[in-house]
Amino acid sequence: MRRGEGARMIIAIGSDLCNIERIQNSLDRFGERFINRVFTDVEKTKAARRPYTMAGTLAKRFAAKEAFSKAVGTGFKAGVFMKDIGVVNAKSGAPTLALTGGAAARLAAITPEGYQAVVHLTLTDDHPWAQAFVVIEARALPEKPQA
């Protein structure tokens, strides 16, 4: 495949809508067991700093995990687990995803050769809903000079 300098393409899109009250019910019923099964240490720390809006904070992150799993076409199977997908903030404050394990492997598998995947994430909430959109972009890597 020929690529022009700076070539880009969207290779995947996913979205999810999560009910904040459903997350609150899971917190009430299962507590730490639910939190430890689904969320990364970074996500747990961020939510703990927001005790009055913890359910909303976690619901946005839950929606982000779902949106990513839809974007890569697996859902939570084929080795992609919720804890492999973590919401983190860039230096600018913008949310993005930190991927490990099966989630990182699946992203690599859908990224065309000669391209690098860039994940874009947006989160919002308006009680009782939390929403996430994931757009995965492929950016062309510089071509190696031919000898």
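Just so it is clear, glycine is given a Cβ too, placed from its N, Cα and C backbone atoms.
Automatic, uncurated: that is what TrEMBL annotation is.
Here TrEMBL flags Asp16, Glu66 as Mg(2+) binding site. The secondary structure of Glu66 (Mg(2+) binding site), as reduced to three states from DSSP, is helical.
In the predicted model, residues of the domain '4'-phosphopantetheinyl transferase' (13-108) average a pLDDT of 96. If you look up TrEMBL, you'll see 13-108 marked as domain '4'-phosphopantetheinyl transferase'.
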List, in sequence order, the same-chain residues at least six positions removed whose CB sits under 8 Å from that of Glu66 (Mg(2+) binding site)?
Gly14, Asp16, Cys18, Ala132
